[in-house]
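Per Swiss-Prot, the features are as follows:
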| type | residues | note |
| --- | --- | --- |
| TOPO_DOM | 1-16 | topological domain 'Mitochondrial intermembrane' |
| REPEAT | 11-106 | repeat 'Solcar 1' |
| REGION | 16-63 | region 'Important for interaction with long-chain fatty acids' |
| TRANSMEM | 17-40 | transmembrane segment |
| TOPO_DOM | 41-77 | topological domain 'Mitochondrial matrix' |
| TRANSMEM | 78-103 | transmembrane segment |
| TOPO_DOM | 104-119 | topological domain 'Mitochondrial intermembrane' |
| REPEAT | 114-203 | repeat 'Solcar 2' |
| TRANSMEM | 120-145 | transmembrane segment |
| SITE | LYS141 | site 'Important for inhibition by GDP' |
| TOPO_DOM | 146-173 | topological domain 'Mitochondrial matrix' |
| TRANSMEM | 174-199 | transmembrane segment |
| SITE | ARG185 | site 'Important for inhibition by GDP' |
| TOPO_DOM | 200-217 | topological domain 'Mitochondrial intermembrane' |
| REPEAT | 212-297 | repeat 'Solcar 3' |
| TRANSMEM | 218-242 | transmembrane segment |
| TOPO_DOM | 243-268 | topological domain 'Mitochondrial matrix' |
| TRANSMEM | 269-294 | transmembrane segment |
| REGION | 278-285 | region 'Important for interaction with long-chain fatty acids' |
| TOPO_DOM | 295-309 | topological domain 'Mitochondrial intermembrane' |
Amino acid sequence: MVGFKATDVPPTATVKFLGAGTAACIADLITFPLDTAKVRLQIQGESQGPVRATASAQYRGVMGTILTMVRTEGPRSLYNGLVAGLQRQMSFASVRIGLYDSVKQFYTKGSEHASIGSRLLAGSTTGALAVAVAQPTDVVKVRFQAQARAGGGRRYQSTVNAYKTIAREEGFRGLWKGTSPNVARNAIVNCAELVTYDLIKDALLKANLMTDDLPCHFTSAFGAGFCTTVIASPVDVVKTRYMNSALGQYSSAGHCALTMLQKEGPRAFYKGFMPSFLRLGSWNVVMFVTYEQLKRALMAACTSREAPF
């Protein structure tokens, strides 16, 4: 047995809720530079936007983007928007991941045997609900990641300043910009990520290929990360472009997608695929492994407090 030993008592909804948010924050701290590189690659080629990289900066590949940013803007630029990112994960992941099992049980009416349909419904529900809660934090995170420190200066000086500036210049709706593509993206991501993780893990356990331990969690999380990236990349690129667009640049998320297709071709929808996969794959591994261990650790702590002797 590697890691914390599973307890006889299943984790409570509160443990899952807190564990998911904490695990997601840990994963973000480790993989945030890859996410920033992904955003820069995704917005490259846009004609305009409220914040954008310097005109001379051309990003090529994951490492090329990271090295260019470090050279032109300094190492700290890789963590632009980290505060908003952590705020997002505590509210976002807690809902979409922490409530997944509870919603799945609701759709299966308490049955232990969940069908793929009920898992997909649960993933869509918690993914969409999480967006409703955390959208402003996502907008601020993307804006921070998109802006360059070199050149014309930074538009947003702090996380609080970003919230205030967006609300003042673009109205309250500015903080909820891109909600539609984000709902679509996260319904898709949640279904692909959580359902795939569930299915791979169940298959490995049923076939007795692995035990419910770290290697099983690692393998399931990595597979889920790849499947999710392939499925969600197009809507993720549209979401990022639309969130970072200037007021009036696109009339809707659909208009943004159509403009991308006309001006840049279908390959534009997979811009930043490699950093997306590296980020999502590594993020999934860190998050799911940490989440599984946190659930066991928290339940062990609760059990020991209730029965100290």
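Backbone N, Cα and C atoms are what each Cβ position is placed from, and that goes for glycine too.
Counted with DSSP, the topological domain 'Mitochondrial intermembrane' (104-119) comes out as 8 helix, 0 strand, 8 coil. Distant neighbours of the topological domain 'Mitochondrial intermembrane' (104-119): 191, 194-195, 198-199; these residues of the same chain sit at least 6 beyond its ends, with a Cβ under 8 Å from one of its Cβ atoms.
Cα of LYS141 (site 'Important for inhibition by GDP') to Cα of ARG185 (site 'Important for inhibition by GDP'): a span of 16 Å.
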